[in-house]
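K.L.:
What follows is a structure written as structure tokens; I'll ask about it next.
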Amino acid sequence: MLGSLFRKVFGSRNDRILKTMKKDVERINLLEPEFEALSDAELKEKTAEFRKRLNDGERIEKILPEAFATVREASRRVFGMRHFDVQLIGGMVLNDNRIAEMKTGEGKTLTATLPAYLNALPGKGVHIITVNDYLAKRDAEFNQPLFDFLGLTVAFNIPGMAPEDKKAAYQADITYGTNNEFGFDYLRDNMAFAPQDRVQRELNYALVDEVDSILIDEARTPLIISGPAEDSSEMYRKMNELVPHLVRQEKEDTEEEQGDGDFTIDEKAKQLHLTEHGQEHIEELLKEKGMLDADDSLYSAANISLLHHINAALRAHHLFQKDVDYIIKDDKVVIVDEHTGRTMEGRRWSEGLHQAVEAKEGVPIQNENQTLASITFQNYFRLYNKLAGMTGTADTEAFEFQSIYGLETIVLPTNKPMVRDDRADLIYLTTLEKYEAIAEDIEECRKQKRPVLVGTVSIENSELLSQLLKKKKIPHAVLNAKFHEHEADIIAQAGRPGTVTIATNMAGRGTDIVLGGSWMAEVEKLEEPSNDKIEKIKQDWQKLHDAVIEAGGLHIIGTERHESRRIDNQLRGRAGRQGDPGSSRFYLSLEDPLMRIFASDRIGTMMKRLGMKEGEAIEHPWVTRAIENAQRKVEGRNFDVRKQLLEYDDVANDQRSVVYDQRNELLDEGDISETIVAIRDDVINSVISEYVPPQSLAELWDLKGLEERLRGDFHIELPLQQWLDEEDHFHEEVLRERVLEELVKAYQEKEEMVGPEVLRRFEKSIMLQSLDQHWKEHLAAMDHLRQGIHLRGYAQKNPKQEYKKEAFELFTEMLEALKLDVVTILSKVKVRAQEDVDAVDEQRKAADSAPREFRHEQSGPAAEEPQKNTDNAQGQPVRKGAKVGRNEPCPCGSGKKYKHCHGKL
């Protein structure tokens with residue numbers, strides 16, 4: 001109350017910032033007559049003038065008013081579109097490392113041209129990030145004439161481009177693309193074999209469209225590049241056969257958990273847990289199938305993979321539904337994005353879940369993958385020098401933007417007053433009653449010739465409603481993941497009088513619904529366009545547009561509340577654009593997931609007490625408040641999930657930064673011999689210390705063991721025991737110096753044989769190959785550590801602190817293993833000529849040409865648009881005979897694991 005009173009007297013911080021920016025808008029408006037008087041050539045010259053002033057040390061903020069005036073005038077000449085004052089304010093907000101909340105239809109695409117132009121002037125590049133490839137290409141092509149006029153280069157970055165095309169795209173002043181593609185390019189650059197293979201340059205300025213969708217909805221799980229691991233398809237099939245024998249325990253109270261159920265389900269957390277009875281039952285079933293020894297336990301260390309597979313199978317059957325979480329298309333399980341309702345071709349869930357769903361549906365099971373590189377969006381976007389974003393709905397997540405990204409949210413006023421009528425929610429007892437009421441509302445709107453957009457949260461719901469409308473003979477179009485090929489056509493005409501469109505989650509669709517339909521879409525259909533035909537289409541459209549406005553504009557119907565208020569607001573925001581009339585209403589039932597999980601019992605009891613009958617609905621502030629509280633709970637939980645992910649990933653991020661910086665230095669260096677010398681000294685001293693404890697008596701030395709180690713790992717024969725017996729002053733320091741001298745001498749002989757240039761290249765190849773291999777294994781170790789670390793809480797230990805401590809120990813061990821690896825390989829391998837170096841490079845390239853997946857895992861966890869790696873695609877050699885596993889004994893007979901012996905190269 002006091003805060004509200006304070007804001008009334010002094011205004012909010014948002015108001016004060018807007019007030020300051022309005023003064024800059026006035027300055028830009030005063031420049032307008034001067035810039036209107038410039039010729040095209042003079043206006044184009046402004047870009048070179050601004051660049052010179054920046055090179056001379058002038059600050060970018062000083063140039064802002066003139067730069068914005070230049071873009072506004074150029075836009076007027078090129079597009080016939082003049083930036084509104086509100087769009088100028090939006091441009092300033094975006095230049096100041098902030099988030100601009102701009103309502104639907106306020107012209108975000110045009111607003112973005114202002115900060116993009118200004119921040120492209122220093123020549124370091126601007127990345128404009130969109131939610132899908134279609135929008136990236138559309139916006140780049142739409143704005144290209146404007147930037148061409150101003151002398152700036154524009155490109156788009158989409159999956160499947162050749163490396164040289166990608167490199168050219170990143171060299172452009174302004175590059176459009178998706179968040180996933182920019183992130184994957186960063187990871188790919190840090191897996192490159194040569195400096196020229198990298199495509200990105202310095203990450204300068206990122207402008208994120210639909211920033212809430214990208215930095216919040218998609219930030220729960222990381223971007224992952226993975227490669228094929230071992231085949232375990234048969235295991236998934238066997239586990240799938242066990243699931244029908246397992247029974248869910250209905251009661252989840254701990255007191256009643258000793259019942260006969262095998263597992264419990266936590267719908268809120270989308271988790272599943274085995275009961276004690278379930279563990280025993282599964283062990284019996286596994287023993288019957290011969291998958292578990294008679295005296296063995298499911299929880300013994302050797303059987304962890306069995307537990308992993310049974311858990312994945314249970315989750316596939318009980319937590320993931322066909323036509324809600326995924327669809328079957330061309331004999332493949334295709335994930336449906338819970339945020340946008342789109343199918344995500346090739347995207348895969350991790351942790352074996354996708355394979356378990358494939359086994360459940362009886363489609364071919366794809367192999368599991370191993371992580372090669374990974375980063376979260378939080379840590380990727382924090383690499384940019386400047387970051388800004390825009391969306392229609394950011395205010396509900398303002399705290400998260402501020403706390404995680406350091407981005408302040410500024411809510412911009414609309415250019416014209418908002419007149420949309422947002423009606424109160426209607427709550428019914430059952431889903432059937434709710435859908436009947438929705439159908440009646442649609443029929444009423446059709447009588448009034450009003451267009452209707454119905455938003456559903458899943459494909460299943462959209463098809464259910466579609467069947468109901470078909471029975472009632474109400475014509476309609478369905479826009480969901482199954483038919484998104486026709487999406488643009490459907491949306492283009494969704495504003496025509498009496499049109500009914502059913503759409504799964506509209507978030508991130510990126511296309512405005514224009515009242516009366518899109519006359520431009522009609523023009524594009526003309527085989528032979530002429531001015532007369534275009535004018536006729538425009539006149540017909542104007543009549544339809546006026547008729548829809550007269551009828552009350554677009555009506556939005558929500559079939560249930562989403563777990564995030566922001567997604568509900570995005571659906572509502574489809575109506576009432578640019579001051580148009582419109583209305584919205586949500587229809588709910590006690591059977592909706594959000595109501596069932598969070599609010600059902602209390603509200604259900606209250607509704608029955610009020611004497612509600614079948615088909616009746618209630619509108620009451622208490623109920624609305626209960627729903628909003630439920631949404632806040634979910635939003636709070638999701639924020640905690642993302643925050644926790646970031647806290648854990650920050651540990652990995654520090655390690656990632658060290659490894660990637662070191663790797664890039666290696667790539668850029670022509671000669672790494674100094675690094676090799678330093679590593680060799682460290683390794684030899686460590687090895688000697690294992691057999692000759694520092695400052696110890698000679699009686700405690702294990703010289704025989706050291707001789708064998710030097711012979712086996714470094715290929716040098718030294719009579720250490722003989723030296724000790726024959727020399728009076730053979731102290732520890734003398735021993736260390738002598739061993740190092742002999743190792744250096746042997747290495748110098750190798751260098752004289754092949755020449756320094758060949759050896760320098762070989763050193764670099766081995767160093768990069770070993771670093772990549774150890775980093776890959778380290779990522780797997782970090783994954784395993786992360787998955788089990790929460791159990792430390794039962795031992796009264798802080799899991800995060802334990803994770804930090806053990807992650808550091810793992811990282812230290814990895815670096816030591818890497819150094820030993822490099823020195824032993826360089827000591828043992830005989831390099832005869834340049835061909836041997838080329839052979840190592842070819843092996844690295846062959847490993848790289850193996851099929852890869854590029855995944856962005858969603859909360860499931862699910863993964864993004866895996867594109868198969870098409871770069872350097874080569875035929876794979878055919879291996880005759882059994883493949884040697886990395887952990888199996890080496891066939892050479894050394895007694896070591898294959899990965900530590902001949903598997904190194």
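A Cβ is built for glycine as well, from the same backbone N, Cα and C atoms used for every other residue.
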K.L.:
Same ATP site as Q87, G105, E106, G107, K108, T109 according to Swiss-Prot: which of D441, D489, D512?
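P.N.:
So, going by the record in Swiss-Prot, that would be D512.
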K.L.:
Where does Q87 (ATP binding site) sit by DSSP, helix, strand or coil?
P.N.:
helix
K.L.:
Among the binding-site residues Q87, T109, which residue has the fewest other Cβ atoms within 10 Å of its own Cβ?
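P.N.:
Looking at the binding-site residues Q87, T109, the Cβ with the fewest others within 10 Å is that of T109.
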K.L.:
Determine which residues of the same chain, besides Q87, G105, E106, G107, K108, T109, D512, have their CB within 8 A of the center of the CB atoms at the recorded ATP site, and list them by sequence.
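P.N.:
Neighbours within 8 Å of the Cβ centroid, excluding Q87, G105, E106, G107, K108, T109, D512: M102, T104, L110, T111.
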K.L.:
Hey, what's the widest CA-to-CA gap across Q87, G105, E106, G107, K108, T109, D512, the ATP contacts in the record, in Å?
P.N.:
17
K.L.:
Looking only at DSSP and grouping its letters into three states, which state does T109 (ATP binding site) belong to?
P.N.:
helix
